[in-house]
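Structure, as structure tokens:
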Amino acid sequence: MAQFQKNHTLSSEFIILGFGDLGELQIFFFGLFLIMHLVTLAGHTTIVLITLVDSCLQTPMYFFLRNLSTIEICYILVIVPNMLANFLSRSQRMSFLGCALQMHLFIALGGAECFLLAMMAYDRFVAICNPLRYTIIITQAVCLQMLTLACISGFALSLALTTLIFLLPFCQSHEINHFFCDIPAVLFLACSDTRANEVAVFFVCMLILLIPFLLILLSYAFIIAAILRIHSAEGRSKAFSTCAGHLLVSVLHYGCAIFIYIRPKSCYTPEQDKVVSLIYTNVTPMLYPMIYSLRNKEVKGALRRLLKSYNQMKHQPNAR
């Protein structure tokens, strides 16, 4: 506790530099990312609403999609509003505790998301490769247990890692060359030996990133093998199109995150990290609704039914 108070005294606040070097382009990028942010929120909110109210979407797959969208909404609200504010100023001040809280929520929600994506891949693997036993294996109780495990694991690992990082003394520059309190950017400011922390980051990222990513690749390898046995060329083409979309967004998300976190502190490159971080904090969250849901006929049908019900209620004459 004394060490924590000492750190808090030495670093009562951090200065988030963000994208202060963009000059006149800052307004353009503010508008661009604001639109992306609103589109992302609208997409995920739509998925949450239609999977809650439509009786045809009460299946394990849509249970996972609804919770993925809920996590994504929280995830982007932790990062993006501050990032947008940073586009309008050259820097932003953030308290020591505020920075620690942002990092904790970012890692916790990101970890829960990574675990949940792996569970969704397993759900698809069982549905395609073992359809006769699907309802026995993937029950409502199992879904709830998997979701609980993903969230508890994400928050527990995040709490441990964030505590280790913020117990370090930050007695040098307090300027974080990033648009949020990311792990490498904060570790770079520490003025003591961070090798133990780097090992902890590597271990946690192995659990959160590498293992789920390998499980996703393994699940889709079995799924693709099953698709190749489909006799209909049209059926194979449709299935491959869906799998390709899921794999593409997974490779993009995990690949960028692995590039940032599973490497030594000596390889830290602020400008490059900021660009790569934009992908998994802004681009992939926007792609999820399109790839996982809005291309889906069942989701489109549910959306049409919801809009039809809304229009009927809107034009229904008031009873007297």
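Start at 1 and count along the chain as shown; that gives each residue its number.
Backbone N, Cα and C define each Cβ position, glycine as well.
Unlike curated records, TrEMBL annotations are generated automatically.
Features reported for this protein in TrEMBL:
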TRANSMEM  27-52  transmembrane segment
DOMAIN    43-292  domain 'G-protein coupled receptors family 1 profile'
TRANSMEM  64-84  transmembrane segment
TRANSMEM  104-122  transmembrane segment
TRANSMEM  134-167  transmembrane segment
TRANSMEM  199-228  transmembrane segment
TRANSMEM  240-263  transmembrane segment
TRANSMEM  275-294  transmembrane segment
Discussion item. Please identify the stretch among 104-122, 134-167, 199-228 with the greatest number of Cβ pairs below 8 Å relative to the transmembrane segment (64-84).
Written reply: 104-122
Practice prompt. Could you tell me the mean pLDDT over the domain 'G-protein coupled receptors family 1 profile' (43-292), as a whole number?
Written response: 90
